[in-house]
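I have a structure here, written as structure tokens, and I will follow up with some questions on it.
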Amino acid sequence: MSQKIQSVKGMNDLLPVEQKDFKLTAAFWQAFENTVQKWAARYGYRQIRTPIVEQTGLFVRSIGEETDVVGKEMYTFADSNDRLSLSLRPEGTASCLRAVVEHGLTHEAPQKLWYMGPMFRRERPQKGRYRQFHQVGVEALGFEPAQIDAEIIAMCADLWRELGISEFLQLEINSLGNREERAAHRAALVDYLRRHEAALDEDSRRRMDTNPLRVLDTKNPDLQAIADNAPRLADYLGEESRRYYREFKDLLDGLGIAYRENHRLVRGLDYYNHTVFEWGTDKLGAQATVCGGGRYDGLMAELGGKDTPSIGFAMGVERLLLLVREHGCLNADAAPAVFVMQQGEGAVLQAMKYAAALREADWDVLQFSGSAKLQKQFKHADKSGARFALIVAEQELENQEVTIKDLRGTHGQTTVPAAKMIEQFKLWSE
Ligand code: ATP
Ligand code: MG
């Protein structure tokens, strides 16, 4: 026998059944996707689908060369024909805005868009952290501050409510101000970090020069005091930024959405300004952030478009669904409604015809393949999770009848003329 070929490390199969080390099934995923589609539509957001591969330059320019995502985690390769550098997308915002600029989508009207799909980052795989993972993201392009910021937070909260996980998610917010304010803060921060250089770890020392804000994000327990006492962005915000941040918080208060202000929340990507936020949980161990986002007003212009106020967020589908599976609610019933079984000469064909008629009436039907003993077929029916069994054996064939058994409810078993089959199912499933 040839050797088996394994899947790529950190990239999961979605199966009809749970796996030992990956509990999410395709049916569960599908149920989530359905929920998301309806949720986005309720808020007037329309779907956009972009390619999984983009020019590497798109991510370098938007996310930033010095970020972990672009600097260390991207799957990058040269296209063989023209040696253009291409990358698997590590996130969705850059692609989305690239497409919006390319097709002039915001020329006519502002846009509310959402997307869903796989993203790729070469990270150390562990529970809740994968190399192919999935995001659902939302981008609101061309809307003025505060109101839209609050709307997309409310939108998240709404989804958490629907998934039954509100009580397990905490919202943290911060304001990064504008470019000048960040520059002033950055200078003070670098100055402060230099004074504490001896105490920093290697990562933070490197970031001090490349991306000092990220030092505030450090998870190293030894550096918490240094990060806590570092100069705060809030102290560098001008009047305009402070007013806008205040307005945003007032709206959240008015909507009854609880939040915690976290001065050290800076987000990993370069393009953010003003409002940033994250939804986290203490139920997923170290992989605690389920959803993150913020405002990125300069990005559209950076990508060759018109200056457009923009805000968005992305949630990690795997993390979210692990949380929903453990603590929330999502109906992922993939069981057929009817399990059809047959026995005896000519029964297969007749049962196939009944199954076809049921399907035409929009019932999900699973027909047993083969002619095992009915007793064995009943075992399969049970295992399938079907609500009803339809039995076509010698007696039924002869009398042009069908036997229907309620496998989950209280109706028991009955035999009716074949012409009354659908009527009977309807009656019993009311
Ligand atoms: P983390 O700090 O956990 O690495 P991040 O800041 O890199 O997250 P974002 O770029 O903000 O993540 O992406 C938004 C969301 O996508 C995250 O909050 C998380 O839920 C999810 N996510 C990011 N990277 C991964 C990954 N490698 N595997 C699974 N989910 C991920
Ligand atoms: Mg990361």
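Cβ atoms here come from the backbone N, Cα and C positions, even for glycine.
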According to TrEMBL, E91, G92, T93, Q135, E139, R267, Y271, Y272 bind L-histidine; which one of R121, R161, R243, R246 is annotated to that same site?
R121
Let's check the environment of Q135 (L-histidine binding site): how many other CB atoms sit within 10 Å of its CB?
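So the number of other Cβ atoms within 10 Å of Q135 (L-histidine binding site) is 22.
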Taking every protein chain shown into account, which of the binding-site residues E91, T93, R267 has the largest tally of Cβ atoms within 10 Å of its Cβ?
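Result for the most crowded candidate: T93.
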Within 10 Å of the Cβ of Y272 (L-histidine binding site), how many other Cβ atoms can be counted across all chains shown?
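I get 23 for this one.
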